[in-house]
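Structure record follows, encoded as structure tokens.
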Amino acid sequence: MAFRRRNKSYPFFSQEFLIQNHADIVFSLVIFILIGLMFEGEVTLYQYGWRDWATILFYFFITIILHAVVQEYILDKVNRRLHLSKSKNTKFNESGQLCVFHLVSSVWSFYILITEGYLFHPSSLWENYPHVHLRFQVKFFYLTQLAYWLHALPELYFQKVRKEEIPRQLQYICLYLLHVSAAYLLNLSRVGLVLLCLQYLSEMGFHIARMFYFTDESHQKMFDVWAVCFVFTRMVTLTLMFLAVGFGLARAENQGLDWDLGNFNTVLIRMTVLLLVCLTQSWLLWKFIRFQLRRWREFRHEQASRKRAAAKQTPRPLKRDSLGHHENGVIKAENGASPRPKKIKAP
């Protein structure tokens, strides 16, 4: 999706400026309104229902517009300066879009955790379950998350992603949709907020490191920093899930399945949730190990290439002759004199 190019600029607040930029002005007002919706003035509690699909569809279209704005006004300008190849250009755009989304989502989720008090009272993540009633900012956060990952599906077509890249991107898009939907529908929104905040911070580190790597392939240290954050995120995720779902909900008094009250605290559902999280974390660790092994092989190959290049540039010493040594292409004797040439008798 691309916006109309403007070849001429006009003074601010002139009639020509308003006519030319009226769409961007109105869109900016819409963005300010959406940002204002992230902060609620009075406490109002909401529940999820089938009408959420209308809200998700609205933010689905808003997200497509925001995607195009980031692409044209930020990423395209950077790409024109870097002159990347087509494959690197596609991955750079992917990382750039996800960096913006992960940054906004991690800051937003962290703000909710602070204002709701979940961060300082970990037991509130599973106490008083089911958490059916949601404040507006929590409900708005989950609806925008679903809208973003749904919009990522048509963006595969809009961005002209290569066929070999589509399965990889479909994997993490579907996983995000599955986990966000499960946390929202099973009334595990509090635990989901913490896990999404950690996951987005870890993924943002990876995509920042990848963008710096595309600008200069010598920038590899940021991948080491991301590796530490990745392992830490996996450990905290598994620990928190077993603490909240495996122990916290297992000791709750309201055991049983009740669709009307939104209670899904049964052994089968708890084990299914834990199994889903464990399988996802194992799959991410497997991909992480493969990525680190590929980096190690590339590093060893690069070191071997440098050694071979250095060996070719080093001049080889000339072999010493039994009669003396070579000097300027002429054989010299031990005393520095040239040996007498041997006379060849004519037949």
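In case you wondered, yes, glycine gets a Cβ from its N, Cα and C as well.
For 318-329, the entry in TrEMBL reads compositional bias 'Basic and acidic residues'.
TrEMBL lists 90-299 with the feature domain 'TLC'. Averaged across the domain 'TLC' (90-299), the predicted model reaches a pLDDT of 90.
The region 'Disordered' annotation in TrEMBL covers 306-347.
Under the heading transmembrane segment, TrEMBL lists 21-41 (among others).
Annotation comment: TrEMBL describes 53-75 (among others) as transmembrane segment.
Residues or ranges marked as transmembrane segment by TrEMBL: 96-120 (among others). Panel annotation: around the transmembrane segment (96-120), residues 38, 67, 70-71, 74-75, 78, 135, 137-138, 141, 145, 148, 190, 193-194, 196-197, 200-201, 203-204, 207-208, 211 of the same chain, lying at least six beyond its termini, place a Cβ under 8 Å from a Cβ of the stretch.
According to TrEMBL, the feature transmembrane segment maps to 225-247 (among others). Residues 122, 125-126, 188, 191, 194-195, 198-199, 201-202, 205-206, 209, 270, 273-274, 277-278, 281, 284-285, 288, 292 of the same chain sit 6 or more residues outside the transmembrane segment (225-247) yet have a Cβ under 8 Å from a Cβ within it.
Look at TrEMBL and you will find 267-286 (among others) tagged as transmembrane segment. With a cut-off of 8 Å between Cβ atoms, the residues of this chain six or more beyond the transmembrane segment (267-286) that come close are 175, 178-179, 182, 186, 188, 230, 234, 237-238, 241-242, 245-246, 249-250, 257.
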### Message
Under 8 Å between C-beta atoms and at least six residues away from its ends: which parts of the chain pack against the transmembrane segment (53-75)?
### Response
1-3, 27, 30-31, 34, 92-93, 96-97, 100, 143-144, 146-148, 150-151, 154-155, 158
